[in-house]
Amino acid sequence: MTGHPLDAIPPELPVYPLHDQVIFPHMSFPLFIGKEHMGLVEEALRNNRLLVVLTVLAIDPITGREQFARVGTICRINQVLRFPEGGCKIILEGVNRVRLITTLQVTPFAMASVSLIPERENRNSVAQALMQSIIALLRVAQSLGQMLPEDAHHAIDRIDESGKLADSLAVYLNMEVKDQQRLLETLDPLERLKDVYLFLTTEIQKMQARGGGSADRSRQAVRSQKEHLLREQLKHIQNQLGEEDPHQADIRQFRSIVQSDEMPEVVRSVAEKELARLERINPSSPEYTVARSYVEYLCNMPWQRGTSDILDIDRAQQTLDDDHYDLVEVKERILEFLAVHSLKSSLKGPILCFVGPPGVGKTSLGRSIARSLGRKFIRISLGGMKDEAEIRGHRRTYIGAMPGRIIQEICRAGANNPVFMLDEVDKIGQDFRGDPAAALLEVLDPEQNYSFTDHYLDVPFDLSHVMFITTANVMDTVPPPLRDRMEVLRLPGYSDEEKLQIAFKYLIPKQVSENGLDKHPLQFEEQAVLKIIKNYTREAGVRSIDRQIASVCRKVAKAVAQGKDAPEVIRSDQVEKMLGPRKYFSDVAAEEDRVGVVTGLAWTESGGDIIFVEVSTMAGRKDLTLTGSLGNVMQESAKTALSYVRAHHADFGIDAQVFENLDIHLHVPSGAIPKDGPSAGVTIATALISQLTRRPARRNVAMTGELTLTGRILPIGGVKEKVLAARRAGVTTVLLPERNRENLKELDDHILAEMTVLLVDNLSEVVAHTLIPDTEHGPRLFDCPQHLAVDPPSGS
């Protein structure tokens, strides 16, 4: 309990002699008063309930008079409990240190004149460090044995003044009277703290000697506290020399940021609380690093700091055109955003998803968009990510906790409105640590991401100003709720003509510059580039073309570096010398019309491609064998196709008895590549009919479409990619579902002029366009027992 300060004291006060005890200011102390001292108590009650308590140092053996200490404590009587037989119990409260001036009387009780000793308070860094060290030593002592009562620990933890802490511990600790009196007479609080610290250290060493097993651990704790004390003293000396304490410099810098107008109010309140906590933590403590990192993130986050958008639509159009060829739909969407943003400043960032095969420019397009808007660009790859904490962060209770990648990158960018690209969103994993795709639902939802709460920050951050762009090769593996939050923009593959334009406009100048050929003029003939495209690459994008052009440039650079004659123009006949034998052939479609082999079209992560469906029959018991690493959906498509052919055998001139004595083997090369999807249904059915009727399939016809049990052909995706793949493979006629008519608008006019694209609605139309009538090749019967052979149909 803290006593009330005294402005003045009476000239004479009764003195209570205390043997073998010392009373300190701010402490409550019970005393039992005998009858012989009741007059002293009555006198004190008349003098504002005040009396002086002096410790008796000795008694004169001749006179019997008590010799008082020169420094004592003026106390206030808070409570008097009188006993029936005489005497009483009083509760004294220490108020202030006093110095004995003179003793005025001795009998019947001592009266003296005293003077108040002003209480000094020392709040410098050394005193604060000593207080923290003493508290830590008390915890060490408590682990070795109960040095203080439990309630005393709680009381001491609440003391924030160095002098009071030293006085309180002097009462609770088992100190000798002479040591307590010396502390009472020590007026400098810092010196009193040092004495208490030394006493605690000595006591702990004694307890360690008795404690045994835990001695090493406790000794290390004491040593750490000593080191901490020395460091704090060093800081105090540095301050006196004008050298600033780095810890205090950080605190001041953080506080200036917290008190600025940039932080939202809810974040400021959390930051101020953490900053106050940081000030109380010992900088050498591991907890200090954790707290400082958290405060640093709070101060460095761009809560209301962003870049100014460049709202010049013509300039943005020029920037996008300079970086990327074609991609009209994507560019138009960005310009629409700019136009709306120029009319309405408080516009939420769009959530776009670029879907297309590798190498078509999805990632580089995001960087170009950021440049056209004048925004910071951030990119993280989600491929293989399996830990939800990568998105939401770790809670600070974990060792090594950090924010999620979203908050980390925004903090690093220093702007709250960057263009943020989440690459490979279709390749996110999932395991026991959570589902990152589910964590992205809040990030990519404009109705929720204005208050995105990272587990580490634990305060909301507004993501609504961020323009999120995700990329994917296919959308099949993206969860439907996540897909629903994104505006999907498809980037189809490029035709050979488009690749040629991209090579001359972007790839060749880039590789010439990167390979140090700026001073050596190097040009490519158009036929040379076309030869590279057709003979050395087979992809929907332009990544392989870029690598082949880079290989040519490196060989020229090598010749220049060696002082040899280096070509200035790359001609068509030089390509094979530099890149070796051709790797791909344009006429990869079947070289001849074959029975049971039909060309289909597939859509993969790498763009469009052609596939061959091969069917073979043999005597057996109606077994259907499927090989070629076919997925469940494709296997079901094969069974559906066979069921349709059996149900409508008469329409195709097939005897029903054929199916009772045959095994059918269906294979789709290459066997090591997994294949799946429903769009091969019409191709499988056509191959079955070709084999069972012995009618060859035209080698220059390719098809795609999902077949139903009723013979209808359902629409499919990736029309442009599949048509381009057919064109690369030398196919001249492509059969597409009638319901994909609108998708033909994606194809350039010159492609439609070069190829024949037929729209079909049922399997009969497909058979008519694909299988060669028997009149062209003569009768063909499949190899089976003669009694099973059927007459070839007259036509289809």
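We number each residue from 1, going along the chain as drawn.
Note: Cβ is positioned from N, Cα and C throughout, glycine not excepted.
So that you can see what the record holds, here are the features copied from Swiss-Prot:
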{"type": "DOMAIN", "residues": "13-204", "note": "domain 'Lon N-terminal'"}
{"type": "BINDING", "residues": "G356, P357, P358, G359, V360, G361, K362, T363", "note": "ATP binding site"}
{"type": "DOMAIN", "residues": "592-773", "note": "domain 'Lon proteolytic'"}
{"type": "ACT_SITE", "residues": "S679", "note": "active site"}
{"type": "ACT_SITE", "residues": "K722", "note": "active site"}
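Swiss-Prot feature annotations superimposed on the structure.
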residue : record           : DSSP (3 states)
G356    : ATP binding site : coil
G361    : ATP binding site : coil
S679    : active site      : coil
K722    : active site      : helix
Integer Å distance between the CA atoms belonging to K722 (active site) and G359 (ATP binding site): 16
S679 (active site) CB neighbourhood, other CB atoms within 10 A: 26
P357 (ATP binding site), number of other Cβ atoms within 10 Å: 25
Euclidean distance between Cα atoms of K722 (active site) and G356 (ATP binding site), Å: 13
Per-residue Cβ crowding (10 Å cut-off), top of recorded positions K362, K722: K722
Fewest other Cβ within 10 angstroms of its own Cβ, chosen from the binding-site residues G356, P358, G359, G361: P358
Of V360, T363 (the binding-site residues), the residue whose Cβ has the fewest other Cβ atoms within 10 Å: T363
